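Per TrEMBL, domain 'Potassium channel inwardly rectifying transmembrane' is recorded for 8-148. Marked as transmembrane segment by TrEMBL: 45-66, 120-143. Annotation comment: TrEMBL describes 155-320 as domain 'Inward rectifier potassium channel C-terminal'.
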Amino acid sequence: RRERQRFVDKNGRCNVQHGNLGGESSRYLSDFFTTLVDLKWRWNLLIFLLTYTVAWLVMASMWWGIAYLRGDLHQAHGDSYSPCVANVYNFPSAFLFFIETEATIGYGHRYITERCPEGIVLFLFQSLLGSIVDAFLIGCMFIKMSQPKKRAETLMFSRAAVISQRDAKLCLMFRVGNLRNSHMVSAQIRCKLIKSRQTPEGEFLPLDQCELDVGFGTGADQLFLVSPLTICHEINSESPFFGLSQRSLRSEQFEIVVILEGIVETTGMTCQARTSYTEDEVLWGHRFLPVMSLEDGFFRVDYSQFHATFEVPTPPYSVKE
């Protein structure tokens with residue numbers, strides 16, 4: 001069967017684009033800091049470089065303008081003449097003075113004198129503006145680098161979900177795992193069934209979301225994710241898969257979105273990993289291969305068998321039947 005359009009990709013990316021915002025697009029500018037953090041890295045680096053380059057050129061031009069208006073560019077800076085900024089004769093020297101001041105390098109060759117009130121005002125303005133620009137851009141880059149999105153790449157989900165019996169009950173199951181030794185604190189898992197349906201009143205809901213119970217009442221959705229775990233959804237009379245059979249599974253169209261949330265132990269930031277399973281990725285009458293083995297003093301996880309399944313005897317009928 002041809003792969004159909006997903007609501008959520010296997011890597012967790014949501015296939016939703018917002019268009020025709022009209023006047024609502026101004027909301028992005030009202031929260032410009034978050035908008036800047038959400039941009040891709042290439043745009044962040046471009047804005048970072050352009051902002052500093054433009055700010056440096058403008059401020060250097062202002063220092064050069066003061067020297068030009070006072071006539072310091074054509075005067076010898078000796079003991080008999082007191083310029084605004086000593087040893088500033090052209091634009092490159094004005095630019096170097098600005099960089100030395102902004103970066104607090106202070107080589108000592110160029111310096112502002114006390115007979116230049118306009119230079120003192122410009123110096124104060126430069127210090128305030130430089131602090132604001134540094135705090136904004138460096139803070140943005142720091143937050144973007146420390147985002148826990150990359151941590152989600154070391155959280156694994158099985159490529160397929162399975163339906164088989166467990167404890168004499170028909171269950172929908174999938175597997176999750178953590179590749180790092182650092183733990184996910186307060187890890188919690190949720191599942192959403194996305195399926196089109198029509199209400200009794202005739203309203204068509206193209207992407208209706210329904211909650212799948214994976215142990216909310218029993219606390220099984222709170223995970224201690226130090227080894228791969230098999231998440232189980234019991235198919236009963238309250239499950240949306242109550243009437244699902246092996247035969248009807250071939251004609252169904254649905255998507256199961258899995259959301260795993262937790263706090264990264266090393267940074268204390270909240271991380272979220274997502275994946276999805278379409279009806280083609282649900283295997284009826286299968287079970288996951290074991291991946292845990294006991295070695296000399298520790299438990300070993302074989303991730304080469306993480307996605308592997310094998311067939312088990314399973315009735316082809318629905319729970320309702």
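Any Cβ shown, glycine's included, is placed from N, Cα and C.
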Mean per-residue pLDDT computed across the domain 'Inward rectifier potassium channel C-terminal' (155-320): 90
DSSP-assigned states of the domain 'Potassium channel inwardly rectifying transmembrane' (8-148) in counts, ordered helix, strand, coil: 90 helix, 4 strand, 47 coil
